[in-house]
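Contents: one structure, followed by commentary.
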Amino acid sequence: MKPIWIVDDDQSIRFVLEKALAREELPVRSFTNPRDVLLALEDDAPQVLVSDIRMPGGTGIDLLASVKARHPGLPVIIMTAYSDLDSAVSAFQSGAFEYLPKPFDLPKAVELIRRAVEESLREESVEDRGAPEVPEMLGQAPAMQDVFRAIGRLSQSNVTVLITGESGSGKELVARALHKHSPRAGGPFVAINTAAIPKDLLESELFGHERGAFTGAQATRRGRFEQAEGGTLFLDEIGDMPFDLQTRLLRVLSDGQFYRVGGHQPLKSNVRVIAATHQHLEERVREGGFREDLFHRLNVIRLRLPPLRERREDIAGLARHFLQRSAKELGVEPKRISEAALQQIVLFDFPGNVRQLENLCHWLTVMAPAQVVDPKDLPPEVQAHAAAAVAAGAAGLPAAADSSPPGGAAAALPAGLAMPALSREAVSPAAAVLLPGQDAWLAGLERQACELLDQGHPQVWDTLTRQFEARLILAALSLTKGRRIEAAHKLGIGRNTITRKIQELGLD
């Protein structure tokens with residue numbers, strides 16, 4: 001791994017971060033001013049850059065712009081004692097990974113740097129022009145075999161592809177496979193989640209910007225279209241793209257050229273676009289939220305990825321694969337799943353699809369006490385769903401749809417915030433009309449509220465609100481693999497709000 005570069009004229013800050021990162025066995029290189037960093041960049045590049053915002057000889061924002069012009073994918077963390085809004089806006093508009101106000105909590109600063117390192121390693125694999133090996137796609141189910149055949153038929157084509165499927169079903173993996181087996185395999189594969197980037201920054205992320213285009217734009221910056229030149233641009237969650245940006249995207253697809261933000265010279269684009277969404281774009285078009293002409297431009301070839309519940313025969317093989325991968329990452333022996341436990345896992349509906357199964361296997365690798373995973377070792381929501389399915393089968397009823405948060409979030413709740421697993425028998429007759437269906441959790445909430453009210457519990461509102469908020473936040477963090485900003489965006493709350501809630505609920 002490449003070293004983490006720290007840039008600060010304050011020796012005490014450099015010393016503290018150097019020691020903290022050394023304890024985490026992370027390599028570090030320190031600088032006192034931006035000029036030395038720019039000279040060092042001519043020969044090398046860091047894994048992550050951590051820079052103060054106000055230093056003699058230049059600002060962190062200027063340094064950020066210069067670094068991003070040379071290394072667009074390099075995560076840069078801006079830290080400053082001047083925690084004002086303008087500094088934060090300037091940092092994010094210039095492409096900072098995160099904004100860290102001083103004084104900061106050292107363990108949290110180290111955690112932030114670790115997340116930036118993970119992002120950097122992912123970015124390297126995304127933009128590596130050496131066409132790295134695409135992770136193996138597993139699946140024997142007929143629906144997945146249809147997907148594999150479609151990838152094969154498209155192997156010599158540059159046609160635009162629209163991939164549809166539920167969240168976590170593996171849409172980016174299919175996009176990577178399409179790229180790997182295309183004539184553009186030697187070019188870059190660049191991915192961007194249009195739902196994870198604030199609207200005000202998305203235009204600059206896609207098309208780049210000229211120096212002085214807006215406050216904080218200290219240098220010209222290449223957008224994702226330029227980064228993907230000669231290769232493939234993967235636009236994930238295209239259904240969430242703001243309407244005004246849809247017009248600009250349509251122009252690129254139609255004319256093959258675009259303008260940087262603040263630019264006056266058209267730039268030609270030689271990029272294959274693959275888009276993905278979990279939404280029904282036809283409905284979005286009817287509702288007026290998505291341009292019909294853009295939909296037809298994207299919908300040249302459509303690939304539908306089946307949810308995991310429609311290909312249960314693949315669950316066992318995927319689980320073995322994920323257990324082996326988790327064990328390799330953690331440096332331990334792979335866990336094995338007993339037949340009885342596997343039956344319960346296969347019964348689970350996995351609303352988070354393959355991503356949730358992967359999270360479950362990682363959880364089992366860490367939390368299962370023995371080398372062989374038994375049913376008692378599974379997360380509560382998996383056990384509860386299996387019990388409900390067995391009970392429903394005995395009664396001749398369909399099993400209730402699963403509505404638990406993905407990735408084993410229930411098991412991760414702190415003491416005092418865990419909600420009891422629900423069974424069909426535990427639901428009150430008044431609430432039973434909600435079952436079976438996606439609103440089953442409301443029945444459980446009503447039951448628990450009634451019990452607490454009957455018992456004269458002094459803080460019913462606070463107790464249930466904390467449980468509900470904890471579940472939501474853990475589910476979002478599980479889906480985003482711990483990325484708080486992305487989780488906050490998915491939940492529709494602010495970055496500061498999710499940080500405060502995590503602290504209040506003891507989810508750190």
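Using N, Cα and C of the backbone, Cβ positions are placed for all residues, glycine too.
Quantities reported herein were computed from a predicted structural model and do not represent experimental measurements.
Residues or ranges marked as domain 'Response regulatory' in TrEMBL: 3-117. What TrEMBL records for 137-366 is domain 'Sigma-54 factor interaction'. Summarising the annotation, TrEMBL assigns 4-aspartylphosphate to D52.
The C-beta environment of the residue listed as '4-aspartylphosphate', restricted to residues of the same chain at least 6 apart in sequence and closer than 8 Å, consists of V7, D8, D9, D10, I13, G60, I78, M79, T80.
For the domain 'Response regulatory' (3-117), the DSSP counts in helix, strand and coil order read 53 helix, 26 strand, 36 coil. Confidence for the domain 'Response regulatory' (3-117), expressed as mean pLDDT, is 84.
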